[in-house]
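Annotation comment: Swiss-Prot describes 1-23 as signal peptide. Under the heading active site, proton acceptor, Swiss-Prot lists N236, H291. The active site, proton donor feature in Swiss-Prot is assigned to Y299; the stated evidence is experimental evidence. If you look up Swiss-Prot, you'll see R345 marked as site 'Transition state stabilizer'. Feature annotation from Swiss-Prot assigns site 'Important for catalytic activity' to E395; the stated evidence is experimental evidence.
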Amino acid sequence: MSIVLIIVIVVIFLICFLYLSNSNNKNDANKNNAFIDLNPLPLNATTATTTTAVATTTTNNNNSIVAFRQNNIQELQNFERWFKNNLSYSFSQKAEKVVNPNRNWNDNTVFDNLSPWTSVPDFGTVCHTLIGYCVRYNNTSDTLYQNPELAYNLINGLRIICSKLPDPPPHQQAPWGPVADWYHFTITMPEVFMNITIVLNETQHYDEAASLTRYWLGLYLPTAVNSMGWHRTAGNSMRMGVPYTYSQILRGYSLAQIRQEQGIQEILNTIAFPYVTQGNGLHVDSIYIDHIDVRAYGYLINSYFTFAYYTYYFGDEVINTVGLTRAIENVGSPEGVVVPGVMSRNGTLYSNVIGNFITYPLAVHSADYSKVLTKLSKTYYGSVVGVTNRLAYYESDPTNNIQAPLWTMARRIWNRRGRIINYNANTVSFESGIILQSLNGIMRIPSGTTSTQSFRPTIGQTAIAKTDTAGAILVYAKFAEMNNLQFKSCTLFYDHGMFQLYYNIGVEPNSLNNTNGRVIVLSRDTSVNTNDLSFEAQRINNNNSSEGTTFNGVVCHRVPITNINVPSLTVRSPNSSVELVEQIISFQTMYTATASACYKLNVEGHSDSLRAFRVNSDENIYVNVGNGVKALFNYPWVMVKENNKVSFMSANEDTTIPFSVIMNSFTSIGEPALQYSPSNCFVYGNGFKLNNSTFDLQFIFEIV
């Protein structure tokens, strides 16, 4: 018994000694800022549906590695697998990116020949280049697929970024550079952390990357909608929510828990895209609005790739897929050409990703409340942005302030087989349809703030009518900020062509210094070779006439109209980079708001017998294409008839149409005996009333 007792005492003594020794080790470890957190979640997080746990690591504010317990490993692994499987496709939908980077690496600046710690644009380049390398590392057909050296460079790049970031983050100012230059730190940088961590999830670097992501996104993206003291909404928050959600998964939260967070709920309310009648979001006619009153598709395009992540995270039902599809159809094309009036403030007609978003039908699309008409045919894309007092006609910022004419007056078609020729500093002021008030085309509307400012028209009325293959838009506009420029604009899209008439063009009297105005019919970027002769050479070869002048698959013609003074076509080069076909309008007629111009554009290789007439009065313009399509512009009404279908709309947005308007219209197009049957309206008093005017404002009738 005594021997047994002695053994027991010795064992107890050893246990006590080991316990005390272990406690001292822990205390020493705590002095070195290391800790073990076996339950990093708050108490209510223990209800997670996935309870599998795995040990991993995290960091403290000195970037030293510490232990972490992952409570939702299956959900984490599933998402990371899905992310890698879809990375290349997702990247193809991402507008801001560096594709197939090949920059040399640098242990101080991440990449050679950049100054990312003083230049925010260079920091953005570093971020986008790192993401581009992640795509290469993950692409099985790339020569850098799972390259060990690249893996090291990626984690090292992440380390370098972390070593430069202020801890704690600055409040309402960027870590370096201009105070308000926050974008890359809030939007792009978190995506870098997510991309690097996930593509390295089968390497020795994963634990370190995950711990860095948990720590630094906890500082710079503490919620899905907050960063560096700012609260972000709309397109910005959509981008923020994707890496934020991943960082929360890394912290052990389940997707069900993350969904309940206030910031995530804000984003889900945004991406649900309920139809709205004002403010940010998807308007009832499926036009995307941002900055309260701006058709700002740049934000939607930049965020579009995130929608797949949200449907993975939280289910298919979180996105208004039907509305979003229509929103893209309303403005886009498979080639990526987009009407500039809904695009970026710097003036662009092209998105490198929008063509990948959906399958585009050949159709005519109209947004009756937001005033956009678009036609996509086999041969061309065309679109016009009208005006309404509810929405801005232009938004400027301290850098971009000369694009208002482009946004409001672009009237052209793009041959789908032609080259995509985007604007540059020399060409952005010169586009078909723009009414020039000076020879250099510059019309500045500066922002009155340190950020963006939007401008609404003094007069903003638009009517749209469409059939199966034709669409017409009638615009009555006046812009105080553009020298009180006013006009009525009549545009008709039809097979292989477009008709354009401006009348009642006017400006503030005595404001042009006795310089004639001009309407641009066709513009040529002389720096791009399309195998077309110069406009001047074409004119000389055509007996000193610019009829039929061609550029990049589009042909222009003057359209005469009875009893309207339509100027001849002339050629001019405002600078060495641009050549124009124009119609000159006298400053005297502009002072009295009686100037006019009229032309048509056709797809090269196609012609038509289009004719236009003024019927009875200045406000009644009849256009006959000659292939069953007729249009009538009789302010405030516009009508399009195609074979057995006819549609009407009023620029006053009337929900009733008098019988007299219909009968007078049929008389004006030479078909007074037409019999018709309503398709979306019913007899109401002395006319018809729309069945439902919630989403559109066109009256549609079948000819019987």
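Cβ atoms are placed via backbone N, Cα and C, with glycine included.
Keep in mind that what you see is a predicted model, and the values were worked out from it rather than measured.
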**Request:** Do me a favour and check the Cα-Cα span between R345 (site 'Transition state stabilizer') and N236 (active site, proton acceptor); whole Å is fine.
**Result:** 16
**Request:** Check the Cα-Cα distances from E395 (site 'Important for catalytic activity') to the active-site residues N236, H291, Y299 and tell me which is shortest.
**Result:** H291
**Asked** At the Cα level, what's the spacing in Å between the residue listed as 'active site, proton donor' and H291 (active site, proton acceptor), rounded?
**Response** 10
**Close in space, distant in sequence - N236 (active site, proton acceptor), Cβ under 8 Å, 6 or more apart** = T186, I187, Y299
**Message:** Please list, in sequence order, the residues in the chain of H291 (active site, proton acceptor) that are at least six apart in sequence and whose C-beta is under 8 Å away from its C-beta.
**Reply:** N280, A392, E395, T452, S454
**Prompt:** Taking the Cβ of E395 (site 'Important for catalytic activity') as centre, how many other Cβ atoms lie within 10 Å?
**Reply:** 25
**Assigned element (helix, strand, coil) containing N236 (active site, proton acceptor), judged by DSSP** = helix
